[in-house]
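**Student:** In case it's useful when we look at the structure, here is the feature table from TrEMBL:
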- 20-385: domain 'Cation/H+ exchanger transmembrane' (DOMAIN)
- 37-54: transmembrane segment (TRANSMEM)
- 60-81: transmembrane segment (TRANSMEM)
- 93-112: transmembrane segment (TRANSMEM)
- 118-138: transmembrane segment (TRANSMEM)
- 150-173: transmembrane segment (TRANSMEM)
- 179-202: transmembrane segment (TRANSMEM)
- 214-236: transmembrane segment (TRANSMEM)
- 242-262: transmembrane segment (TRANSMEM)
- 269-286: transmembrane segment (TRANSMEM)
- 301-323: transmembrane segment (TRANSMEM)
- 365-384: transmembrane segment (TRANSMEM)
Amino acid sequence: MFIMGETGFEWLIEIALLLVLAKSLELLMVRLGFLRVVAWLLAGLLVSIVRIYIGYEPSIVVKAFAYLGIILLLFEAGLEGSLRMFIRGFRRVGLIAIGGVIGAIASGFIAIPILHLSIYSGIALGIILSATSVSVTVKAFEELGVLSSLEAQAVIGAAVVDDVIGLALIGLLPTSKGVNILSIAILASLAFMLWFATAIVAEKALRGLFKKILTTPIEAGTEVTALILTLLLAYIATRIGLSTILLAYALGIGIASFRYIARRLGDRLRTLVVLFAPLFFVYAGYQLDIRELLAVELHKIAFAVAIVILLAFTSKILGCYIFARLSGFSHRQSLIVGVGMVPRAEVMTVIATSALDYGLIDQSIYLAILFIIPITTMVTPILIKKLYS
């Protein structure tokens, strides 16, 4: 078993080999038009297959760096956002995002009788499907020259709200066996308020701190301070039952108001994100236990994959369409918004990995969730172009 040997430093070669595999597949998949995260998940799936033959288990060091990577990735994502734009657009696009989340939660309940899930697994599936990643959609809008359109801006704004709600919902996973619809709404609202309060405090309180640090001889003082705060908030989040990445994202979007500091932090921390974020998705892909899947009949796996992917599309299209119409968008605009909110990637993977760790979903559902990423990546741009043609 490849964990720790006589020297105790085998994790060095372990990380090196995992990065070589992840980056090699990244080169191939990006050229084929896929997101990088697809390549990293595929690398994890290959490692999972290798486990059958050599009994490989990731070392604790790999897991630590993997979670550091996803924490920094969400902090970086926050730095690229804008708290003021979020607040300004919340009233207009927040309803659309909420519609998508309601559609996702409803799809989880729909899946219960179809896939013979427990109510807790259904809730977990709904939470997993609530997350959105619109980078592919944004690229499609750019290619069509409609990025400034009302519907395109609605998708971008709703995706931010959607991510925050999705991150807040992760905190419900460990306690989902004791929640109902009302408690989901209450706990999600409390998590959202904590996220918002953290972002506001960061925006109001850190400007002076960073200015003072810039005048000191401390090497990379702002970067170190930001990293310390990110890690502390991630730890606090875990202690109160929330996702490690929720408050990291809040800190990033709060600091984003200081454009010079945000650009500086983004540039300096980028290398750490590029190094360690792939490890998280490799680990997420590895979590798919091929040995368990081999014990399940193929037609049952195929059926589960088909149903989950269908729900991934319909939950966002219908949920966002209905609430976009209620917000005053036309039929065509609402349909574009719904389709634009379909893609899933990083945040969904984080939620799914947590759900698997808590035993709320089985391996066949997890496999179906991993399939959502490449399929929505390929299909969404095609649908958007057809809607504009």
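Placed from the backbone N, Cα and C atoms, the Cβ positions cover glycine too.
Whatever TrEMBL says is automated annotation, not expert-curated.
Are these features on the surface or tucked inside, and what are their neighbours?
**Tutor:** Long-range contacts of the transmembrane segment (37-54) within the same chain: residues 1-2, 18, 21-22, 25-30, 278, 281-291, 345-346, 349, 370, 373-374, 377, each at least 6 residues beyond the stretch ends and with a Cβ under 8 Å from a Cβ of the stretch.
Sequence-remote contacts of a segment are chain residues at least 6 beyond its ends whose Cβ falls under 8 Å from one of its Cβ atoms, and for the transmembrane segment (214-236) they are 71-72, 75, 198, 206, 244-245, 247-248, 250-252, 255, 261, 264-265, 268-269.
Residues of the same chain lying 6 or more positions beyond the ends of the transmembrane segment (301-323) and with a Cβ under 8 Å from any Cβ of it are 95-104, 106-108, 110-111, 114-115, 125, 129, 132, 158, 293, 334-335, 337-339, 341-342, 344, 364-365, 367-369, 371-372, 375-376, 379.
Under 8 Å from some Cβ of the transmembrane segment (365-384) lie the Cβ atoms of residues 33-35, 37-38, 41, 45, 115, 117, 121, 125, 128, 136-137, 139-141, 143-144, 284-285, 287-288, 293, 301, 304-305, 307-309, 312-313, 336, 339-340, 342-345, 348-349, 352, 356, all in the same chain and six or more residues away from its ends.
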**Student:** Is the transmembrane segment (60-81) close to the transmembrane segment (93-112), in the sense of at least 3 CB pairs under 8 angstroms with a sequence gap of 6 or more?
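**Tutor:** No, the transmembrane segment (93-112) and the transmembrane segment (60-81) are not in contact.
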**Student:** Other than its close neighbours in sequence, what residues sit by the transmembrane segment (118-138), given a CB gap under 8 Å and a spacing of at least six beyond its ends?
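**Tutor:** Same-chain contacts beyond the flanks: 35, 100-101, 104-109, 111-112, 147, 152, 155-156, 158-159, 162-163, 165-166, 169-170, 172-173, 176-177, 179, 184, 308, 311-312, 315-316, 340-348, 351-352, 355, 358, 360-362, 365, 369, 376-377, 380-381, 384.
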